[in-house]
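Features as listed in TrEMBL:
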- 38-431: domain 'Amino acid transporter transmembrane' (DOMAIN)
- 74-96: transmembrane segment (TRANSMEM)
- 133-155: transmembrane segment (TRANSMEM)
- 167-185: transmembrane segment (TRANSMEM)
- 192-215: transmembrane segment (TRANSMEM)
- 227-249: transmembrane segment (TRANSMEM)
- 261-285: transmembrane segment (TRANSMEM)
- 307-331: transmembrane segment (TRANSMEM)
- 351-368: transmembrane segment (TRANSMEM)
- 374-395: transmembrane segment (TRANSMEM)
- 416-439: transmembrane segment (TRANSMEM)
Amino acid sequence: MASSDKVVETVIVGNYVEMESEGKPRDIKSKISNLFWHGGSAYDAWFSCASNQVAQVLLTLPYSFSQLGMVSGISFQLFYGLMGSWTAYLISILYVEYRTRKEREKVDFRNHVIQWFEVLDGLLGKHWRNVGLAFNCTFLLFGSVIQLIACASNIYYINDNLDKRTWTYIFGACCATTVFIPSFHNYRIWSFLGLLMTTYTAWYLTIASLLHGQVEGVKHSGPTKMVLYFTGATNILYTFGGHAVTVEIMHAMWKPQKFKAIYLVATLYVLTLTLPSASAVYWAFGDLLLNHSNAFSLLPRSPFKDMAVILMLIHQFITFGFACTPLYFVWEKAIGMHECKSLCKRAAARLPVVVPIWFLAIVFPFFGPINSTVGSLLVSFTVYIIPALAYMFTFKSAAARENAVEQPPKYFGRWVGAYVINIFVVVWVLIVGFGFGGWASVTNFIHQIDTFGLFTKCYQCAPQLPPHLANATAPLPPPTANSTHLPPNVHHH
């Protein structure tokens, strides 16, 4: 009887939107609004996860392959894809556990979006909440910064009349319009379009590289240096660490308990984009990629390339919204505006969140190296170590395991298997991701600052710039001004 009660309670989780809309007459306007604006199905969640997971990182993976070599590049993608899916599963279990406990206490979440730090607070207390909040917010802040940097980096390949810093100012203003999108529930059409855009771009990179063929005297010497190897590995850790917004995406679902396998299916689809594109670009250009962290920079100009750049720009705007929306929620809760019904008031209240993102994108325009640094220092804890530890601590007592809303699957070895996998995740990510990855990516990041300086006007721009821009990276002699790696003596041209 107890187990059947449990099932009933689990099914109740997240049905509010459906309950509210039942029995209401639906005119054509509400039907159109539902089609484009109100998404809460499992398909919407899948589009959101897949669209959010692979954005500008698609363009930096060939750069990672040049640092890792082909075999390690493919292996790390498969390995971190599975590990990311596992920790996303853990986050979904903890969310359902927290929400079910709260709804037993008759808590109403109709005007409240549950976030990861609140799940940690409800299950493990305020210290866990504070740590989770600090890591999550910092990661999402820099995740938004990376999208802005990527916008400027990409548009430059279509229009180089303005330098990348000026483009960052322009796109910062454009991305600020995401304050008007209330929640992930309203990203239905955007996440669908976003996935189409990344799919086009991935296959453009693959086909264009294969048609271009290998450049003369191409070399595939990676891995050559330990610093490069772990920087590349950490960028892939970052690629499959897009589930910092898992809780918000789940909360937007009508039935969040259906989320469990969605992230894995999204990851499998993403691998069909990242593996062919990164492999093909690396095959064609080899070690040239060590100096070009954006794959677009090596492919010749064509209408197909321009199309890919434009689509990625639109997609980066969408991904900026994905990364920034949880920050908007945290800010709204901090200033007491979260349950305000007025969209305009909430939008105005959210604007201060965009300012530091804009500023940081101008300070650190290092597209590529910044991904690895964020991956090692923030993603490692936010979406791998903290969820695995939180799961183990939440269910450490026999009573908690007995009463768990969701038991671990049989094919993972139930509780013992789940704990073994979690211990492995924590140890691996702590040593390889945070330890070696942190050392390598921070070393590389500092090298970028030493080479190009903070607030650099045009990071990794071609040498044939007007004199006033060419001097921005002086006193470096070309062609090593494009260097994105350590040390200078391993350049291949």
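Any Cβ shown, glycine's included, is placed from N, Cα and C.
Unlike curated records, TrEMBL annotations are generated automatically.
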Any contact, the transmembrane segment (227-249) to the transmembrane segment (261-285), with at least 3 Cβ pairs under 8 A:
yes
Which stretch, 74-96, 192-215, 261-285, tops the Cβ pairs under 8 Å count with the transmembrane segment (307-331)?
192-215
Top stretch by Cβ pairs under 8 Å to the transmembrane segment (167-185) (candidates 74-96, 261-285, 351-368, 416-439) is 351-368
Residues of the parent chain within Cβ reach of the transmembrane segment (416-439), under 8 Å, 6 or more residues beyond its termini
83, 86-87, 90, 226-227, 230-231, 233-234, 237, 372, 375-377, 379-381, 384-385, 388-389, 391-392, 408
Based on Cβ pairs under 8 Å, which of the stretches 74-96, 192-215, 351-368 lies most in contact with the transmembrane segment (261-285)?
192-215
What parts of the chain pack near the transmembrane segment (192-215), using Cβ distances under 8 Å and only residues at least 6 beyond its ends?
47, 50-52, 54-55, 58-59, 62, 273-274, 276-277, 280-281, 283-286, 288, 295, 299-300, 302, 304-305, 307-308, 311-312, 314-315, 318-319
Intrachain residues whose Cβ lies under 8 Å of the transmembrane segment (74-96), provided they are six or more past its termini
10, 13, 49, 61, 68, 114, 116, 119, 123, 232-233, 236-237, 239-243, 246-247, 250-251, 256-257, 259-261, 263-264, 267-268, 270-271, 274-275, 278-279, 383-384, 387-388, 390-391, 394, 405-406, 421-422, 425, 428-429
